[in-house]
């Protein structure tokens, strides 16, 4: 019975699709234009307003606004449901599927193998898999390092607090680079590090930040929402991560290390259009050299950061861009040094 | 050990404890009222989420904070009405209905949030700020802990005292306890079992929803998916821990909150212990405490027993 019903509905659906496309092409005659646009599907385990996913979402939205792609997405997909959702989208024959596959590395590779004609661009801690599974990650350690230098120059007490979600490589890497930057200016700097065991619990992140401020931290690394709120209330400074949060906290956020997904997305779209796409590691397109990372403008803090510190930042940035200085990628869990 | 003592002796530790305690106390009181009348309300996690969203949205669209709290309570009451209708007159499984309500409340909130706020920027509101009680707030140690809190913190503790008074000192409270212990006897006395139970579930759910609203109107200023983060489930355990007594609910939620505040502070100076150990600490110690307490505890005798007149 169930089979019967399905076949009926399928027929009905395909009839509707046929009718619709006839009507559409007759009315608009724009089918050739539509064919130029790539169909792209995004699948995220977090809401699109989460810092990490928002960077992908914004880049894809921009590509859609340019007219390069048609973009649809699913958000807040539980990791247990991720494989099925990716498969559902792959069934719709898009040219490109983008997802965060950190928790389902093996399953995502299985799905990709089943749809060899579709390109998969996955947030992953591992390498690419032939023929179609490419990877990317937030390799913005360059920017984190530079904001660390600014943090080192701005902290008077030399005690810096850091509140993170979970110590996974994507988080640790940026924290370690930031700490490296701080030590560049203040080798004696001390760090408080807390993990709250959740991506979304701002009240808890706020409590952790309060506790760090109480113990003398006068500058916080705001990896989670909630940290800058605590800092604003207590009158201490923060450094933003991935997104620029200075507009919301103009007197609190000194500077942010920004991630730009546009270079990665644009590169993949270009390769798909010219037919040269293959499984690759796109991680480097998130680095400063390729425009994937940057230090936000100082904005409201213009002139408040010591000039010798900004000179050092400019100097290091130049060295990073021309390749004469490389920020270490260190994925180990950072520990408190107090 | 000395570092633990140092932490516990600071005013900021106790102030944090009260802040963390407030949403748990609202949730625990709400659940306690439902259970005292004989209805288990597993919808709590979803109802708290719905309260968090509706309260926040109300303020976001221009109403003042107290209107937000009232709207959250109203939305909680509506979910309570649904849970009550299914479990009291219809007598359906309280477990299954409660989990259904929880999923409905959470999913509906996330869905409406995405429909109404379709952006990657996080919109915020201006939340309740701490109110300094003049003179009293200047008392060293005690002042900043007890007299410099958000108005909702004061509301949570006053509510616990009010609930305790009503349950033990008024005819209404007696009726609530009676339908929870022996519905048949209450019915024989002319007490409307359905009416009292429905009212208890509606009022209890409204209070839980205020607990959710605390998170978006006082503890933070924005709504996020998964924001409630299991606090509702904690409240269910805290009801047992408080042996279904409102005064003890204060002790139980303070106990859990103090462990949470302690955990956050100990984690920072961790001597190489993994951070998961500290995150686990409040839950682990609560289980230990629950074991110690639960041996002497007996819950309402008609809890989870649907009432059908004339049925034995």
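Positions of Cβ are set from backbone N, Cα and C atoms, glycine also.
Computed from a predicted structure; not experimentally measured.
As given in TrEMBL:
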- B:12-32: transmembrane segment (TRANSMEM)
- B:39-59: transmembrane segment (TRANSMEM)
- B:65-86: transmembrane segment (TRANSMEM)
- B:98-117: transmembrane segment (TRANSMEM)
- B:151-168: transmembrane segment (TRANSMEM)
- B:194-217: transmembrane segment (TRANSMEM)
- B:223-242: transmembrane segment (TRANSMEM)
- B:273-294: transmembrane segment (TRANSMEM)
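Pairs of Cβ atoms less than 8 Å apart link the transmembrane segment (B:151-168) most often to B:12-32, out of B:12-32, B:98-117, B:194-217, B:223-242, B:273-294. Sequence-distant contacts of the transmembrane segment (B:98-117), counting only residues of its own chain at least 6 positions beyond either end whose CB sits under 8 Å from a CB of the stretch, comprise 40-50, 52-54, 57, 79, 82-83, 87, 123, 223, 225, 228, 232. Listed as Cβ neighbours of the transmembrane segment (B:65-86) (distance under 8 Å, sequence separation of 6 or more from its ends, same chain) are residues 30, 34, 39, 41, 43, 46-47, 50-52, 54-56, 58-59, 92, 97-98, 101, 104-105, 127-128, 152, 197-198, 201-210, 212-213, 217. Below 8 A, the CB atoms of the transmembrane segment (B:12-32) and the transmembrane segment (B:194-217) form 3+ pairs separated by six or more positions in the chain. Sequence-remote contacts of a segment are chain residues at least 6 beyond its ends whose Cβ falls under 8 Å from one of its Cβ atoms, and for the transmembrane segment (B:194-217) they are 22-27, 29-34, 36-39, 41, 43-44, 47-56, 59, 65, 68-69, 72-77, 79-81, 83-85, 87-89, 125, 127-128, 152, 155-156, 159, 175-176, 179, 186, 223, 227-228, 231-232, 235, 307.
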